[in-house]
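Features of the protein shown, as given by Swiss-Prot:
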- CYS67, CYS72, CYS78, SER307: [4Fe-4S] cluster 1 binding site (BINDING)
- CYS93, CYS97, CYS100: [4Fe-4S] cluster 2 binding site (BINDING)
- 79-296: domain 'Radical SAM core' (DOMAIN)
Amino acid sequence: MSTPFKMERGVKYRDAAKTSIIPVKNIDPNQDLLKKPEWMKIKLPASSAKIESIKNGMRRHGLHSVCEEASCPNLHECFNHGTATFMILGAICTRRCPFCDVAHGKPLPPDPEEPQKLAETIQDMKLKYVVITSVDRDDLPDRGAGHFSECVKAVRELNPNIKIEILVPDFRGRITQALEKLKDNPPDVFNHNLENVPRLYKEIRPGADYEWSLKLLREFKEIFPNIPTKSGLMVGLGETNEEILQVMQDLRDNGVTMLTLGQYLQPSRHHLPVARYVPPTEFDEFRDKANEMGFEHAACGPFVRSSYHADLQASGGLVK
């Protein structure tokens, strides 16, 4: 009889070590992969000085960026532009979604000094708009909502003119408590991603629930009717265009005013494969449909991610 796998606290489990403990076994690391089309090829910047400067600033304060931890394809562009999405509550997620490259495991307790470190780093970088996200922390009673609130408070105290967007997890089973924690320090934009269509949730987002996520977005909007709510979807995981359009309508029906839609990219052979590459023309069609549905802003394109040019998204600029 085999010995049950036991995770060590503070250890990052990635790739095969992570996906081997996902309940739904649907990944064959030896399968043939789709060839990337021309429109999915990235041009790297000639200089990496700005990129290294941001990375070093993060390391110096013991902070993390989702750009690095999730292997975002836009890292070079965003870092070279002088922007980054900060990831609080550590770099180990309690979930093990097979599309995501963030490490899974038993995370360490939250760093009580992180809000101040974050505020000082943002001040040093002279940012005017910042996105703060986190790993899932199902191990915490409030799922990390209180820490989000403390981070927003600290950042605003040192950077009074900054605009803050938070990209939050679903606060599983603690939505009411989480929103109560956020009341004293609300963001300028509230973002929570649905990721994909409900039919594929068991395969793509084990541990999550489509209706929970809609409830979170809806109830935040009921409490803060004047704060924009935002959500994002990945395409190319086996969903149909009709299903995506229905999710977009569900978002509008629950008060969401900002949408991001981008192509899913497989971080490694141990993650879910790309089912298809969606051409740019289809993203344009999704954006047109989003505008017809009444979204105030829709960023739709192959490389669009939730926080990709988030400052431009918030100001109503075209992002694709």
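Every residue, even glycine, has its Cβ placed from backbone N, Cα and C.
Note that this is a predicted model, so its numbers are computed, not measured.
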### Task
Average the per-residue pLDDT over the domain 'Radical SAM core' (79-296) and send me the rounded value.
94
### Message
Around the [4Fe-4S] cluster 2 site formed by CYS93, CYS97, CYS100, list the extra residues of the same chain whose Cβ is within 8 Å of the site's Cβ centroid.
### Response
ARG95, ARG96, PHE99, ASP101, VAL102, HIS104, VAL135, ASP136
### Message
If you count other CB atoms within 10 A of each CB, which of CYS93, CYS97, CYS100 wins among these binding-site residues?
### Response
CYS93
### Message
Measuring Cα to Cα, how far is CYS100 ([4Fe-4S] cluster 2 binding site) from SER307 ([4Fe-4S] cluster 1 binding site) in Å?
### Response
15
#### Entry: Cα-to-Cα gap, CYS93 ([4Fe-4S] cluster 2 binding site) vs SER307 ([4Fe-4S] cluster 1 binding site), nearest whole Å
19
### Task
Rounded to the nearest Å, what's the C-alpha distance separating CYS97 ([4Fe-4S] cluster 2 binding site) and SER307 ([4Fe-4S] cluster 1 binding site)? Just drop the number here, would you?
19
